[in-house]
Amino acid sequence: MWSCGPLNSTAWAEEPLCRNLRLGLWVLSLLYLGAGVPVSLGYNALLVLANLASKNTMTMPDVYFVNMAVAGLVLTALAPAYLLGPAHSRWALWSLSSEAHVTLLILFNVASLVTMYSTALLSLDYYIERALPRTYMASVYNTRHVCGFVWGGAVLTSFSSLLFYICSHVSSRIAECARMQNTEAADAILVLIGYVVPGLAVLYALALISRIGKEDTPLDQDTSRLDPSVHRLLVATVCTQFGLWTPYYLSLGHTVLTSRGRTVEGHYLGILQVAKDLAKFLAFSSSSVTPLLYRYINKAFPGKLRRLMKKMHCGRRHCSPDPSGIQQVMAQA
């Protein structure tokens, strides 16, 4: 993946800076594949399994983190193909056919959209829970509808990439299909629906949460409200996700803005290619950072993990109910 892009034949591609940047990004990718991928697979899988094994104690934030964990597993599975395989790189260990490339692109887009949607909905639902505790909208019983909305919306938004894939095979027979091969239009849709809209939703929710936090209301004495650690987890997750995904969406936005036929000098084109590669690397790294935040900030996760291990140890045998789990269910009732 890591190269100076299409200007390998230009003078700047042979400069020491270009070679050093390529080498540095290659080392980072190897470190991520060697350490980040196992961490991401392990913690994301534990996050999903621990919450599914403790459905009775799941809260709405847990549902969104499960969605982000599943998306993280998808991103982790795609990481080796992206970080080591694109055909334009001198460092590539293998090349991808056009069909495989578009398939990976669709999966990557779906995972990124699920991550951003879940982050935005986490912020909005946290505000609802703070403003109106025990509401139906923030109820965990809406899990099926929420997951359907998040994943269904991500798939529909990525449909433009699917149309591009189909039209690349039938354009010789259907002239109108050639109009759907505009990848810049697909990128613009992803930037608008996958980044701008969730970003505005998060900013709106954080502003409302901040305003509620300054107000002293009788609801603040309600012991059934969300644990304060959830607020820290929310802020850390929002900052992490948008911090790691913003460079990637900015690179897509730049591609859209520079697709009007304007030429870019070779020197700047090389810098932009390296910046795009680094942005995609940061996007992949989000899949390993988020479950670590959940692990170390969410106070309920260690208990869920213990119950998961207990169930795995018991197997098909009947296990005695966990007292801590019963207390947590009673507290949420």
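For all residues, glycine too, the Cβ spot is worked out from N, Cα and C.
Membrane topology per Swiss-Prot: His101 and Gln273 share a side, carrying the same topological domain name. Same-chain residues lying 6+ beyond the ends of the transmembrane segment (102-122) with a Cβ under 8 Å from its Cβ atoms: 61, 64-65, 67-68, 70-72, 74-75, 78, 81-82, 96, 146, 150-151, 153-155, 157-158, 161-162, 164-165, 168, 190, 193-195, 197-199, 201-202, 205, 234, 237-238, 241-242, 245, 248, 283, 286, 290.
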